[in-house]
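**Q** What follows is a single structure, and I will ask about it in a moment.
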Amino acid sequence: MSAPAGLPPRPAGAVAAYPGGPGGSREAAAPQGAAPRCQNGPVQSQMQFPSGYGSHPPNYSAPSGHYSQVPSKAVSSHLDNQYRASYQSPYYSAPAQNVMTPPVGTNVLNTRESQQFYNSSTPPHTVGLTEGPAQGAIPSGSYVYTSAQQSYSAFGDHYNTSVSSSVASQGFPLNSDHYAMPVVSSAMYPNVSYPPAATSSMYGQAFTSQSLPAAGQFKETNTFSSQSTSVPHSLQQHVPVGYNSTLSTISSAQSFQDNLSKSLTGSVAKVNNQVNRGGIDSSQPVHSVSQNVQLTKPGFGAPASSALISSVRTPAPGLSSQPRSSPSITQSPDSALQEGMQYGGYVNNQASSAPTPLSSSSDDEEEDEEDEEAALDSSSTTSSASPVLNNYDALEGGGYPETRSVTNSPVPTPPAPQTSKTSKPFGYGYPALQPAYQNTAPPTPVQATNPSHHPGFQHYPQQYPGVNQLSSSLGGLSLQHSQQPEGLRPVNLTQDRNILPVSSVPAPVPNLNSDLRKLNCSPDSFRCTLTNIPQTQALLNKAKLPLGLLLHPFRDLTQLPVITSSTIVRCRSCRTYINPFVSFIDQRRWKCNLCYRVNDVPEEFMYNPLTRSYGEPHKRPEVQNSTVEFIAYSDYMLRPPQPAVYLFVLDVSHNAVDAGYLTIVCNSLLENLDKLPGDSRTRIGFITFDSTVQFYNLQEGLSQPQMLIVSDIDDIFLPTPDGLLVNLHESKELIKDLLNALPNMFTNTRETHSALGSALQAAFKLMSPTGGRISVFQTQLPSLGAGLLHSREDPNQRSSTKVVQHLGPATDFYKKLALDCSGQQTAVDLFLLSSQYSDLASLACMSKYSAGCIYYYPSFHHSHNPAQAEKLQKDLKRYLTRKIGFEAVMRIRCTKGLSIHTFHGNFFVRSTDLLSLANVNPDAGFAVQMSIEESLTDTSLACFQTALLYTSSKGERRIRVHTLCLPVVNSLADVYAGADVQAVVCLLANMAVDRSVSSSLPDARDALVNAVVDSLSAYMSTASNLQQSMLIAPNSLKLFPLYVLALLKQKAFRTGTSTRLDDRVYAMCQIKSQPLVHLMKMIHPNLYRIDKLIDESTIHVNDRVVPQPPLQKLSAEKLTREGAFLMDCGSNFYIWIGKNCDNNFIKDVLGYPNYASIPQRMTQLPEIDALPSERTRSFISWLRDNRPLSPVLQVIKDENPAKTDFFQHLIEDRTEAAFSYYEFLLHIQQQICK
Amino acid sequence: MESVVFIFSLIDCCALIFLSVYFIITLSDLECDYINARSCCSKLNKWVVPEVIGHAVVTVLMLISLHWFIFLLNLPIATWNIYRFIMVPSGNMGVFDPTEIHNRGQLKSHMKEAMIKLGFHLLCFFMYLYREHAKKLFLILPQTPSQSSHTTRNSKPGTYMFLSVRSSKL
């Protein structure tokens, strides 16, 4: 039955060199900062320090303190370089003066001096230091200058950190001395110069570049450390004394106190206060001060910290703007720095650690904070080829997506509160303690930028202006409503019409203390619908909001710490991976943060290979980063890693040939053949099918590809045991021949049937020994053999407002096949390119349960529908070259008491919490719903950990671990304050898809509306002072009704508008499998006005000027005839040109003389050498850079048929079948009043 | 004839009890992660039809033998079984679908259902068993006056016995 048929011979192409490393190579091992790490879980840590500890280990200071690190010195000593002298001496002298001089004024002066020093010294530094990436960062003199100044501040930061770190480092064995330290230092702070406001971009950078251990400059720091040691020490000793008021024998201590008292009246008192308060809580007064404030019970701790923050925020701009550092302080940080540098990888941590104090203490303007963050970010990019930051703006904006998680060094809890307190004298009196929430407000804007990390660091800039505006407004708000967290500020929805933020919607930041917050997982990878976890299920039920997680675990990261280690430390009972939120009880034991079991720290973990130090388990990268990747050893393999195997199953029936997709697919494959992720073992194969199934023997040695036709589709078999899946590199010529021949081989086919089922069975047989990826291209309803389907769509029902049927699969064939494939580690990706109904609901099952992905191109035709053809081309490019993980499993663990009950996404749930993913790709998102089974009263933090175990395309077994930590709250108001409206909406969308398949579409729609009604009415009933006649939402949920309305008008859920069944089902598939960022664009597109871009505020990215037009409401009222608008729907860009649009714009941007001459189909903007064109293109390409799929652009004129596509996205408008936004609000209000 | 009906019911009931226990064990295996969802569901789906038939037969038998009370007792569960079997969506692989069993607490609800059925079958088992003996008892014992009014309409000793039990409890 199998007949070999010759293919037309093809000229042999040049043999392409084996591609170095496509997908997987991105993550270079990112070393981690050495910043001292302290116990993470504040609460737990508290509990762990029995009073007995105080007396215990003074010896700790030696090892954990940063000052005297013998090994490090030794290492660095030979690295001595010229900087050392110049750098060091000014620096040092400065500190000495500072310490002694009581008056603040002098201090300032001093600092300035030192600053100057710094400036002068820094430039050479940077030059010398910055190798590679950093080099580019200093293009212009002015830039350098600013950065230098900033660097100064960075130092200050370090300072803070160091202080804290010293405390922290001793983490476990806190003796009172150490603890006292922080207090002292904080006290000093005011003296010295507190506000570290300016961003420390430069420093961070310089260090970053030095991250390699060999880099020259470490020396100087070393020397520092040795000298500096004495100072800190003395501090340590004295402090406890002073505070305890037992002995004030030491003169230095005395003087210190004097200083304090003089310069800061009241500061001491405050400190004392703190101490006292601490004393109440725990037997060790000093200790308790720092600890208490921060973490412990929300009730108590929160207010204190908030007070701190608020006080910090107030400082006069003048102060903050001058970066000052106190010498004594700086030293310790320095030493810390030096450590970091020596340890190479760890540097970034250091840098990052610096910011922590800043953020908590010194943000009188959000700008500053942002800068700091940016600085952090930049500094953190140690290992990866970091994008070069060209200018200040870029710097500000530049956050590498992962940086936050990576960089964040755990700043010990105690310092933060302290610093803030001390700074109070400076701050113009925020009246003492403010409600706990106060502090949430200020950070929000800052962090907001973070959440939206996009792969490109350029993303930052975008939000920047917005954030500023926001922050200023927020600042005002926080003053007015000092009693309320920002998230709870009531918003009258019916009156407040401008609820859209200026730029994209930020993710709320968990109300954690600053160091935990810095450590936390990036909201892009891991997001929870409620950033304040309710304590009990009853409370959750009262809030009427869904509790769940949205995951994007395999996201493309520019920086990711990769850990190779012989032991992967995990909890012995719950198998949680060690993470930044565990607590170290002492050096030998750690307590799991999910199940609270106390585990031993294995011997290997005591040694830190990056820092080459021993006895600092808390400094290991695993404990410093909430997103890490382990290289797994053989325990984590069921079988040796398999090669990457790609099989393409192509429809070649008449319909397919007519659509002409083969040319595009083959060309894309030819182009990207060398970029397919894999190693030298990569294998590839092809199957085509119509009413028969054709195999291609590509065995090396054949002169041309051999086609083997199997016509027995009822009992499919493989015509030859080998040669069907061949090594990509050995048979490259044959593969190229085949790809060149394929598009023309079936041009005259008359076969209209499609035996998809049989082809899939054959593919499964072919793949089952190794697993891999099957890519199926299908253009019609399968009509033959197994898995044949019948048309179920009734076109007359398309716009029915009643029940929509056939949303579920018609047969279980594809599901069974998918499960079989999943069992053999094979994923099936479906490309459906059809012009008619093809029952996607059934076909999609093959991808849904095998962890594949689904692409759908309605009415695809290569020439009649160029937009779709272009989209296919772009999608394919991304699809073929993106990273891929094979044989993956994902497990989601959460703190005891929480449990996961429903999963959304493409995978197979193999056991209660184990998701089996045959393939995992960077564009796959997941969602889970959770319930609270036991109340969380005995904990103040809830943690979630996702571990994704996969085989990389290079044949490495890897584990990517994300850990998220969130506070637990016990009041309904707090739950609302922490609601993440985007996450809530995405989770609701997932739930609604399930509901509409299992129940019915109207049911799902009702459920969506009810979700809004219930949550808002629950909120309104909690806030007693609200007038019932108005529709009030908490600020955190003000976009909720809008998003839900958008969902109701989404293709997946809309009724009354003609929607093809396949379109609807595809939208549902996307909702289930897209990560949050993409899904939000799909639900609520962004609309910008682009005809006046020149007037807009701009940011600079990579030497480009990118305008930042504000977001517009999705309403036709915004579309003026004189304007041009860009709508960003995620996978599509629409440019709508108004009838009376300025001819200059049309000429300069579109390249046509007037409106009438614009063609109907326009998918590209011409490159015209005019400012408007430049701006527009840079804006669009900037939008494109932030996402993996480059969207297709369509220019739409007023009379264009594609207009409906555009207008259907204007969800605030009334349509014949659906409410306008205002009507929807009234409807909700009515429902609430019922 | 009467005894044959009950003996058959008894045996059938035994089988159903075993089936319920088997369901519970398999589901709890799945809960504890001893087997994977795929094999669990294929095991269980095999026994869904026998269970439906087994229960339906008893129910019908009771109807035929005019044991109204037992029939009505069995009816809801039998209906539920059949309904559940019929209402399986076309794309699912049976009542137990491996792709859904871990979602939306389905595993728990299946477990609960199996437990309830076990309880019910045990109840039925003892009822049938008791009926067997009760019938003999009834034959031995003459009817008491209070029960006579009930018995007049139901000549079947079985029914009578049941009623007598109830009235004595009251």
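Backbone N, Cα and C define each Cβ position, glycine as well.
Curation plays no part in TrEMBL annotations; they are all automatic predictions.
From TrEMBL, here are the annotated features:
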COMPBIAS  A:1-11  compositional bias 'Pro residues'
COMPBIAS  A:313-335  compositional bias 'Polar residues'
COMPBIAS  A:362-375  compositional bias 'Acidic residues'
COMPBIAS  A:436-452  compositional bias 'Polar residues'
DOMAIN    A:568-604  domain 'Zinc finger Sec23/Sec24-type'
DOMAIN    A:641-880  domain 'Sec23/Sec24 trunk'
DOMAIN    A:885-969  domain 'Sec23/Sec24 beta-sandwich'
DOMAIN    A:980-1080  domain 'Sec23/Sec24 helical'
DOMAIN    A:1107-1179  domain 'Gelsolin-like'
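Looking at the shown structure, can you explain where the listed features end up?
**A** Per-class residue totals from DSSP over the domain 'Zinc finger Sec23/Sec24-type' (A:568-604), listed helix then strand then coil: 2 helix, 12 strand, 23 coil.
Confidence for the domain 'Sec23/Sec24 beta-sandwich' (A:885-969), expressed as mean pLDDT, is 88.
For the domain 'Sec23/Sec24 helical' (A:980-1080), the DSSP counts in helix, strand and coil order read 70 helix, 3 strand, 28 coil.
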**Q** Is the domain 'Sec23/Sec24 trunk' (A:641-880) in contact with the domain 'Sec23/Sec24 helical' (A:980-1080), using at least 3 Cβ pairs under 8 Å (sequence separation of 6 or more) as the test?
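**A** Touching, yes - the domain 'Sec23/Sec24 helical' (A:980-1080) and the domain 'Sec23/Sec24 trunk' (A:641-880) meet the threshold of 3 or more Cβ pairs under 8 Å.
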**Q** Using DSSP, what's the helix, strand and coil tally for the domain 'Gelsolin-like' (A:1107-1179)?
**A** 23 helix, 14 strand, 36 coil
**Q** Provide the three-state DSSP residue tally for the domain 'Sec23/Sec24 beta-sandwich' (A:885-969): helix first, then strand, then coil.
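**A** Each residue of the domain 'Sec23/Sec24 beta-sandwich' (A:885-969) counted once, the result is 0 helix, 60 strand, 25 coil.
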